[in-house]
Amino acid sequence: MSSSSDLNRLHTHDLELGVSEAIARHVSRHVVQPKPVSQRRLDFERARPRWVRECLAEATGVFFYVFPGIAAVASFTLNLESPVGVAAFGSLFQIGWAFGFGIALAIICCAPTSGGHFNPCITIALWFWQGFPLKKVPQYIVSQIFGAFIAGLIVMGMYWPQISAMKAEFIAAGKPLVANGAPASILCSFPNANQTNLGFLFMTEFFVDAFLALVIWACIDPANPFIAPASAPFVIGVAYAAMVWGFADITISTNMARDLGTRIVAAIFFGKEAFTYMTYSPISILVSIPATLLATGYYEFLMRDSLDRIHKGHAKFESGNEGLMRHLSRNTAAAVDDSDTSNIDKSGASRVTKNKSRIFLNILADFSDQSAQYAVNGKALRKVDFVPISANA
């Protein structure tokens with residue numbers, strides 16, 4: 001026999017799913033409580049230099065994304081001639097996912113400690129546009145390169161028997177060890193034999209890096225309503241994977257630390273040609289810097305909405321609350337004046353309503369930085385009351 005509470009569900013729009021009912025009725029979970037934090041633990045954590053934690057987190061994050069990525073490249077490259085077929089060991093699709101998920105895991109595991117740059121270009125852009133401390137920039141960059149270097153060394157060690165056999169085959173056949181498809185290409189990118197136009201390689205790298213920088217900047221914008229902190233690692237990872245799928249076959253690097261750190265390992269094992277082959281290394285190492293600055297500048301100047309950041313409590317106006325009120329009042333009044341002369345239907349069919357976008361703020365005395373909301377150009381974001389301006393105002 002159904003209870004009255006069950007019958008009441010017939011008058012709602014609730015979904016009758018087993019999972020939904022389990023969640024609704026069994027939200028409480030009993031878990032073992034962790035042991036109390038000791039004073040010794042707190043003293044130890046307080047004694048740790050903050051810069052050491054941040055640098056180790058950056059190195060670890062780059063390791064997390066380079067390690068699975070170049071391991072996937074190794075599996076693919078070392079089995080190109082396998083009788084089973086290379087598809088059984090890897091593909092460009094697999095490599096893209098390896099790098100993409102590696103980036104997501106790096107952000108999830110290490111970003112809470114260091115901010116999750118994992119790319120010298122992002123560190124430079126954050127300093128240039130958002131006030132990241134200049135003294136930390138070289139520390140972060142060195143740490144990022146070191147993380148990629150360690151990842152390259154470990155992959156070389158884990159795949160050394162197969163790499164040694166491939167190296168011996170290439171030497172016996174008189175093939176170069178440094179080239180696309182050669183053993184050194186496991187660690188870093190090299191152009192195809194027919195890619196002799198450096199301008200072509202430059203533009204490919206430039207636009208790929210600019211694309212990634214724009215996606216990253218949109219993901220870390222707190223005013224972006226479509227990105228939650230929990231989804232940002234996966235969005236950035238998928239963007240990276242998409243660039244691998246689309247352009248890895250025509251040679252891309254995408255990250256100065258990932259390229260330089262592993263290229264040093266390639267030079268150790270396969271010779272200085274890792275830096276001199278077709279004079280490509282300056283493109284793979286340096287082009288991402290101007291590309292990232294240009295893309296992030298494009299976002300800063302043309303796409304960012306600072307009022308949304310202030311409204312959500314992620315930024316403050318430099319002149320304080322009173323200065324912000326003056327700015328809103330002045331610009332709202334200007335919008336009203338413009339609408340009196342410009343909002344006319346040229347076809348003569350009708351006149352656009354004069355009150356469109358005419359909203360003025362009635363700021364309350366208990367205005368606060370974190371919870372105050374505004375109405376600008378007709379978009380109401382209110383904690384405060386607002387009144388429409390009359391047509392004769």
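Backbone N, Cα and C define each Cβ position, glycine as well.
Annotated features in TrEMBL:
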- 55-78: transmembrane segment (TRANSMEM)
- 84-110: transmembrane segment (TRANSMEM)
- 117-134: transmembrane segment (TRANSMEM)
- 140-160: transmembrane segment (TRANSMEM)
- 198-220: transmembrane segment (TRANSMEM)
- 226-248: transmembrane segment (TRANSMEM)
- 283-302: transmembrane segment (TRANSMEM)
If one takes Cβ-Cβ under 8 Å and requires six or more residues beyond its ends, the residues near the transmembrane segment (198-220) are 121-122, 125, 191, 227, 232, 235-236, 239-240, 243, 247, 250-254, 279-280, 283-284, 287-288, 290-292, 294-296, 298-300, 303
Sort out for me which stretch, of 55-78, 117-134, 140-160, 226-248, 283-302, has the most Cβ pairs below 8 angstroms to the transmembrane segment (84-110). 55-78
Beyond a gap of at least 6 residues from its ends, the CB atoms lying under 8 Å from the transmembrane segment (140-160) belong to 54-56, 58-63, 66-67, 70-71, 74, 78, 114, 117-120, 123, 186-187, 256-262, 264-266, 269
Which bits of the chain, at least 6 residues beyond where the transmembrane segment (117-134) starts or stops, bring a Cβ under 8 A of a Cβ in it? 58, 61-62, 65, 103, 106-107, 110, 140-141, 144-145, 209, 213, 216-217, 255-258, 288-289, 291-293, 296-297, 300
